[in-house]
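To start, the structure under review is shown below, and the notes come after it.
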Amino acid sequence: MSANTWEAAELRSLAKELVARHPVDGDPLAFLRARFDAGLAWVHFPVGLGGLGAPRALQSAVDEELAAAGAPDNDPGRIGIGLGMAAPTILRHGTPAQQRRFLRPLWTGQEVWCQLFSEPGAGSDLAAVGTRAVRDGDAWVVSGQKVWTSLAHKARWAILLARTDPDAPKHQGMTYFVCDMTAPGVEVRPLRQITGEAEFNEVFLTDVRLPDDLRLGAPGEGWAVARTTLMNERVAIGGTPVPREGGPIEPLVRAWREWPEVRTAGLHDELMRLWVRAEAARLTGARLRQQLAAGEPGPEGSAVKLTHAMLTQRITGLELEVLGEAGLRHDDWTLRRPERTDVLDRAATHRYLRAKGNSIEGGTSEVLRGIIAERVLGLPAEPRTDTTVAWKDLPR
Amino acid sequence: MTAMPDLLYDESEEDLRASLRALLSDVDRWPAALARIDGGEPYDAKLWRVLAGEMGLAGLLVPEGHGGAGAGHRVAALVLEELGRAVAPVPYLGSAVVATTALLTCGATDLLRPLAEGDAVAALAVPFSRSPYDRALYDRVAERDGGLHGTITSVADALPADILLVPAADGLWAVDAEAPGVTRTPVVSLDATRQLCDITLAGASGQRIAGAETGRVAVRAALTTGAALLASEQLGVASWCLETTVAYVKERRQFGRPVGSFQAVKHRLADVWVDVTQARAVARYAAASAGEPGGEAEVAAALAQAHCAPVAVHAAEECVQLHGGIGFTWEYPAHLYLKRAKAAAIAFGTPDRHRAALGQLVDLPAA
Ligand SMILES: Cc1cc2nc3c(=O)[nH]c(=O)nc-3n(C[C@H](O)[C@H](O)[C@H](O)COP(=O)(O)OP(=O)(O)OC[C@H]3O[C@@H](n4cnc5c(N)ncnc54)[C@H](O)[C@@H]3O)c2cc1C
């Protein structure tokens, strides 16, 4: 069956068959594996890799059907980096063996992934990474320090960007790896954040040996591979379908409806402005997903991520003002190691603070605006002097 | 139309600023502040002894005849500005400004003296979020059989207080914070450097220092003055955030150049500078007008909170953002400023309540 002949109804009936064969109240992992094997994990992926080569937009038909049947989900709040970033990168740049090894346990949530990109000296300018990977027979020896690494303490695997040729200009001397987080020399230390908890980490890599079959893409081609990850990261953040009043605005509208005593005309005006923007963002997201169903994510993903960060921050900020006295009270500052990154069950103050990360993680809003200006609007790039010089000669 | 008050700082204020800044620029301040938060001891008693006891700053609003310095609101505002710059965990706003104003308005001079001399700390027992315009302030506590009963939640600066000033239906009461029947329960607070607490009174005895009418006037005056002078604290928070961020983006390099060389960053910081410049004028005006007879003190206070509260929040949010990942960490102090700024925007009423009140005060009705 060719990709574009799939119909939503067919996928719905496949989902029904799956539920008939594998009761939803059995072992969740067994169900998720069966779902993967039936091609209903991500329907746009190839047959054998969790998909059916169907249009991406039809995924929602499957998701709806399975949710209605009460099927277990793969807990995307816990495995977001694997789903959103590692998987599309492995699909595009991985060998068939790598795809078979990694995608299934990634999707079922059996193996958690993290992203070893940022370094103390390389954040927005990711192409400046200095973590070294040196070839040694059929392996690579990796040393360096990564930082702000979300969920590294839970991760079995990481996507890793490292420098393999310091003599080349910075974009050309990098190679992309899958890092085994259990390998000797990988040390994960909690890094506490604004919310008091430690969702992210510092990761120290000391002579970590990675066999060559953990390399993703050709040596020196790491930047091209990383760009796939980054484009998908922007789509993954804020790119999932939500119902009206779903997502960040949900607790705010709930508070407004439940507590008439918090209402004032001034706050109402702001609430409705944000409601309109949230609905505009929701429809834009739906439209973008329809576009995506036809092809690869483009720079439009940046718009989704940018809007999501701005809206979440403004909504959570307003929520504290609406709550008034309750907005002054926090739930918990103690150092914790969260399993997941969703925040709906936490205090409004926690949501407000966590939202501050939305415009930093996965590329800052300033950098994304630059990308929109240059790649979408075609405006001239900022003058640069750092792209032609050998990486090792760059000023630091 | 009255003459425009002086909105500048005079020489003695600048001298005081210099000595405060020297005192507050202790290098171990951040680790100590974070350790205090984790240890559940948010207030810095040692710093308070220096400020209130040695420097005599708690009595700036109190006339000399009652043990104070009689220096006035502008100097007290300057102190708050510097305390804001350091997010200093001391009960200055609650005791030396809000409670002191309430006592002054009631004429409870015997209680003023220990506050002014730095021997005692007092707190007005109302939720920190209460605006001067709220009416429902007196229904929480009632006197029964010679004792006070009731619960007041989210009170600022009451944890280190010796005296609680408690509004009740029949007037304003002074209650010994350690007296039997008084319970203070710490609240996990957004602003961890100004921790709130809940107060329960179960038959606590107190001294009635004002009747119903005077009590109401005193509470409103206290909250209005608190709102007016909080603007200076917000100015201090915003100034620190701006200066620290400017210094950071000059040093931090990405793409082969300082991130402060990107126009996108420059323009945003230029906007913050414009905001802070305006906040300084507004905060100075509120300080100069505070305690003045007539409606202008109320106009100036409402204006100050409507303007300076969002400026401080914006400056702190930009500080976190422009520091990138570092700004999101616990070790770096930006979050203490963000939490202070956001909590202060809710304190004494949110900006929208002050805008609504202004509409009444300047005769621009909503409908
Ligand atoms: C909650 C959170 C989770 C994260 N999780 C991960 C993770 O799992 N894995 C990982 O690898 N990384 C992670 N990061 C790191 C994140 O990707 C970086 O923090 C981000 O890319 C910014 O880099 P930086 O912190 O070095 O800031 P910098 O690049 O130093 O930026 C500082 C400031 O300068 C601005 N700036 C920089 N360049 C420009 C420009 N060209 N134009 C205009 N402004 C500019 C930035 O926008 C920012 O405001 C996480 C960060 C956060 C906050």
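Using N, Cα and C of the backbone, Cβ positions are placed for all residues, glycine too.
Per DSSP, the secondary structure of the domain 'Acyl-CoA dehydrogenase/oxidase N-terminal' (A:10-109) breaks down as 66 helix, 2 strand, 32 coil. Residues or ranges marked as domain 'Acyl-CoA dehydrogenase/oxidase N-terminal' by TrEMBL: A:10-109.
Marked as domain 'Acyl-CoA oxidase/dehydrogenase middle' by TrEMBL: A:114-208. Summed and averaged per residue, pLDDT over the domain 'Acyl-CoA oxidase/dehydrogenase middle' (A:114-208) gives 97.
The domain 'Acyl-CoA dehydrogenase/oxidase C-terminal' annotation in TrEMBL covers A:220-377.
When DSSP labels each residue, the domain 'Acyl-CoA oxidase/dehydrogenase middle' (A:114-208) comes out as 3 helix, 49 strand, 43 coil, counted as helix, strand and coil in that order.
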